[in-house]
Amino acid sequence: MSFANYKSVIEQGDTVILYLSVNNMHAIKVEQRIKNKKNEMVENVFQTPYGALKVKSLIGQTFGSKVALSKGWAYVLHPTPELWTLTLPHRTQIIYTPDISIILFQLELKPGSVVLESGTGSGSLSHALIRCIKPHGHLYTFDFHAQRVEVARAEFEDHLVSEYVTVQQRDVCQTGFGPDVKGVADAVFLDLPHPWEAVPHAVEAMKEKGGRFVSFSPCIEQVQRTCEALAQQGFIELQTMECLQKELTVQTRAMSVLPLPDFSQPQHQQQPRGGGGGGVAGGERAAEGGEGGAREQCRFLTGVPPPSLPGHTGYLTAASLPPRWARTLRSPPQPLSA
Ligand SMILES: C[S@@+](CC[C@H](N)C(=O)[O-])C[C@H]1O[C@@H](n2cnc3c(N)ncnc32)[C@H](O)[C@@H]1O
């Protein structure tokens, strides 16, 4: 099993997604025996609210098939970056698929792109970046936390994508992205507490022809400082956006409306239409007497947005670095005034 290519039949060593419901999925490594807390090798049995799964029973099953649990059943799915984001072991805060989709689009990635990322964190975004740029592109991902680097590297090997990614332990704010990646990047992505400190290093890492930059920050003050640094370094087309997911619930709503005048009649003969019974597109009408003329009760099926939109994850700031020759012609911009 590889996150880069699909296959049909589950084998020993694969990572699979056990799907119990849309809100209950688990990533499982298909190993017949695992170590218990006492460090003894025991049979690998995965417990779910619908009973136990003997993990070895997955070997030979087809991805997408229904598998038996001791008190129910589940589906066993091929992993994808989206499913991995929902099931991965968290070492840090992670970026989720709605933001990831904007990041990939704004970085203008395609197969063959070279992209730099920092920090690696839990590798949620990294898996999506790899799928985008493979088979001829490369992801260089940096984190200053040694253990996170080690775990991410092991996961990339496990998921058979390590040929597309280089993981390095490095403080990119203090020491930049390093000599190996000078002038190689088509795109740079930052998910750091102080992204503005890494902006000059991003310029060094980008190709002579320039490239795209995106930074993810939860606070607007971080965005302000990053935008100042981007402007000072010659970036253009700065744009900050927020991805808010809006779920519409489908409901039948009732509304009391004054009937529309009948415009087919000359003005002095116009009567409000009423009296009920006339159907409207997608709804029903019934007449209602009362002061100010007959009103109509109109029932219609509609998508209702939530009253408020919680779920701020972060701001995404995107910018373009022009080619080097164009940058030298520009006079340095003034810093943004407070
Ligand atoms: C929020 S996490 C990134 C999560 C990641 N985008 C994901 O989707 O899984 C931020 C990471 O940046 C790393 N970090 C913070 N400052 C850094 C720096 N100056 N250089 C390199 N890594 C840094 C942290 O160790 C942490 O792992």
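Even glycines carry a Cβ here, placed using N, Cα and C.
Here TrEMBL has S122, G123, S124, L125, D143 binding S-adenosyl-L-methionine, and the candidate from D14, D186, D191 in that same listed site is D191.
Listed in chain order, the residues near the S-adenosyl-L-methionine site other than S122, G123, S124, L125, D143, D191 are T92, I94, I95, E117, G119, T120, G121, S126, T141, A152, each with its Cβ within 8 Å of the site Cβ centroid.
Using a 10 Å Cβ-Cβ cutoff, S122 (S-adenosyl-L-methionine binding site) registers 23 neighbours.
For D143 (S-adenosyl-L-methionine binding site), the same-chain residues that are 6 or more apart in sequence and have a Cβ closer than 8 Å to its Cβ are S118, G119, T120, G121, V149, A152, V167, Q169, R170. Look at D143 (S-adenosyl-L-methionine binding site): DSSP puts it in a strand.
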